[in-house]
């Protein structure tokens with residue numbers, strides 16, 4: 001019986017010893033064969049042999065199974081590993097594959113560093129001014145061109161073109177600053193910039209052109225003297241201008257100018273124009289003259305800096321033969337917190353009277369040496385309103401001067417134990433209208449409450465303000481008052497973008513003017529008849545300019561407060577509706593739109609975040625083909641000064657955009673808009689440490705964003721932003737590198753008005769505060785992959801002493817990764833094209849290297 005036949009079957013008819021594979025052929029040895037023959041029990045020997053062979057085969061099969069299983073597992077593991085590696089490579093390099101590429105960037109040209117020096121990414125902008133003809137026609141003109149043309153709102157030219165009258169003059173005025181028509185349109189004043197005075201002003205050559213004849217004459221009889229201020233009267237063509245220390249009134253070519261101050265030209269005496277601190281911090285303009293509405297009177301400030309120390313810039317003209325129009329005065333009067341401040345007086349001169357200037361009495365007769373005059377506004381033609389602030393900003397008084405009685409009365413007094421909210425101009429505006437047969441006099445100004453700028457209205461006999469804007473709207477800029485109607489731009493809570501509003505101060509109807517352009521930053525100018533609105537769309541998309549006609553929907557409201565007392569709060573304000581109709585697409589920047597389609601621009605993303613008690617606006621400038629699954633080296637850009645905004649939505653192609661588009665960085669602008677534990681009235685004196693900690697906590701939290709490479713984080717700032725950057729680097733340990741431009745390092749080196757508004761008047765009681773808020777050495781500086789500091793020797797705002805003191809401290813501590821870079825002749829803005837190009841490339845290049853050190 002063969003092996004198969006000898007198998008036993010179980011009850012199911014299946015062999016209990018049957019194998020599931022075929023047997024191998026076996027060749028027996030002679031020894032095995034002889035043993036088999038000699039066996040007394042052949043069947044028994046055969047069975048033993050079978051069992052032995054089966055066990056051996058089982059062991060071999062088991063061993064083979066392990067080998068096969070190991071090979072299979074190894075193969076599967078290899079395939080899986082390759083798949084994972086390929087998937088990761090595909091994920092991190094998806095922008096290199098056409099399948100995953102963003103179509104909007106597919107054929108676009110990459111941006112290089114050199115492109116930023118060619119101005120091809122900059123928009124065009126027209127400097128439009130409204131004017132009304134003698135017959136009442138609303139017109140406009142561009143202040144930045146030589147053309148004498150005037151235009152209707154729809155863009156059609158008004159009258160005949162007379163540009164040929166000034167063909168030769170164009171060669172005389174090589175650098176036009178601006179042109180201004182007289183209110184009767186008979187004369188044009190051309191201001192030709194010659195030498196820069198300070199940040200906001202130039203010494204100018206002013207030429208007058210008679211529009212009817214083309215006659216051109218230089219305004220100053222002594223052309224060696226430069227003019228700082230030249231302002232037309234609101235009626236007719238009187239022109240006030242400042243020459244040396246005196247003010248003059250020009251009225252016609254046939255009559256000589258009249259001097260209304262008649263003082264000797266003295267260094268440090270400013271009549272009708274600002275000294276340094278008034279220009280930079282208070283009026284934010286070189287102009288310190290105000291015409292009455294009828295043009296018959298003029299008010300002006302007289303500023304005496306004779307007791308204010310002279311600051312000398314470490315200026316070194318490398319080539320005296322080269323004329324530098326961006327050069328500032330190399331010496332000027334400048335008060336720090338330890339110094340006397342300017343002595344200021346307010347005068348009124350009415351040409352219909354004796355012609356003598358009348359000094360306006362101060363509301364602080366015993367403290368005139370320690371006061372600033374921050375606002376001046378005419379209340380009709382017979383009264384003058386003005387605001388005075390005591391040094392340190394602990395007391396602010398609004399007063400009214402009556403020309404007929406020559407008396408000053410106090411209308412409102414604000415007093416605080418701490419400095420009041422930091423402000424320059426309050427945008428003081430006078431209101432008057434008939435109510436129940438009586439003349440109701442009021443005034444409007446901005447008011448700071450809970451870290452927001454609100455618009456408030458006051459009655460002259462009531463010091464309690466009424467807020468005209470809701471608490472969720474913070475006044476921004478462009479405040480126009482026309483016939484008791486206010487036009488302004490503001491931002492609402494939860495968005496960094498501006499909106500345009502109109503507010504009737506008589507009926508208290510607040511209207512949002514809906515502009516069908518998109519969200520972003522807006523600037524406005526309103527025509528004198530309120531029928532036309534110039535809208536400047538400033539970003540984030542390509543800037544544009546439009547002129548609209550204004551139409552109002554009639555709104556039924558019982559909220560007419562002209563016959564009653566004012567409401568207790570703006571909650572009573574009604575909402576009106578305003579329609580706009582497009583008249584003229586003034587500037588669309590089509591060339592820039594085409595350029596943007598050609599090049600791979602960075603993208604911009606805005607959001608609002610909250611970290612514990614901190615609310616902040618964020619603007620991310622993302623590199624082309626931004627991939628949220630990747631991690632990007634990141635640079636934070638900060639400013640952080642009180643009542644300022646960095647995140648505005650303005651279109652820019654500058655340092656941040658260079659780093660994003662050329663070096664593939666993520667650049668993030670940050671504004672903290674609210675810290676619930678910090679008083680909105682004051683920034684530093686009580687809570688400076690908490691504020692710095694809040695900035696650090698916010699940044700530390702944000703670097704955990706998935707697409708930020710937390711090991712490659714940098715930070716930079718300019719001016720106040722430079723100070724904030726240094727304080728963060730002093731106290732934070734998670735930032736790899738930093739860069740600052742013109743930083744404040746100690747508020748005792750900065751101007752008294754700003755510093756004392758932050759920290760209080762300098763005294764024995766406040767010395768500790770000034771010490772604490774200064775920048776101090778920290779071991780965190782030593783751990784950085786480089787700290788770059790850029791400062792110009794001709795910086796009239798933040799003096800180079802700030803950087804010198806910081807450098808001294810770093811040298812004493814042996815901090816070798818500190819890189820100060822002093823730029824000869826550069827001013828605070830690095831406004832010279834060569835200086836700014838160097839700054840842009842040096843700063844961006846620093847981060848390009850330092851974030852990978």
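The backbone N, Cα and C atoms fix where each Cβ goes, and this holds for glycine too.
Listed in Swiss-Prot for this protein:
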type     : residues : note
TOPO_DOM : 1-65     : topological domain 'Cytoplasmic'
REGION   : 1-26     : region 'Disordered'
COMPBIAS : 15-25    : compositional bias 'Basic residues'
TRANSMEM : 66-86    : transmembrane segment
TOPO_DOM : 87-853   : topological domain 'Lumenal'
CARBOHYD : 96       : N-linked glycosylation site
CARBOHYD : 102      : N-linked glycosylation site
CARBOHYD : 472      : N-linked glycosylation site
CARBOHYD : 483      : N-linked glycosylation site
CARBOHYD : 613      : N-linked glycosylation site
ACT_SITE : 719      : active site, charge relay system
ACT_SITE : 795      : active site, charge relay system
ACT_SITE : 828      : active site, charge relay system
Cα nearest residue 828 (active site, charge relay system) among recorded positions (472, 483, 613, 719, 795) -> 795
Six or more residues beyond either end and a Cβ under 8 Å away: which residues meet both conditions relative to the transmembrane segment (66-86)? none
Within the same chain, the residues at least 6 apart in sequence whose Cβ is under 8 angstroms from that of residue 795 (active site, charge relay system) are 313, 742, 826, 827, 828
On a C-alpha basis, identify the one among 472, 483, 719 that is nearest to residue 613 (N-linked glycosylation site); the candidates are the recorded positions. 472
For a quick check of understanding: among the recorded positions 472, 483, 719, which residue's Cβ has the most other Cβ atoms within 10 Å? 719
Please work out which residue of 613, 828 has the most C-beta neighbours within 10 angstroms of its C-beta, and give that one of the recorded positions. 828
Spatial separation of residue 719 (active site, charge relay system) from residue 472 (N-linked glycosylation site) - C-alpha basis, Å: 29
Report, in whole Å, the straight Cα-to-Cα distance of residue 719 (active site, charge relay system) from residue 483 (N-linked glycosylation site). 40
The mean pLDDT across the topological domain 'Cytoplasmic' (1-65) is 49
What does DSSP assign residue 613 (N-linked glycosylation site), in three states? coil
I want to verify one value. Collapsing DSSP to three states, which class is residue 719 (active site, charge relay system)? coil
Is residue 795 (active site, charge relay system) helix, strand or coil when read with DSSP? coil
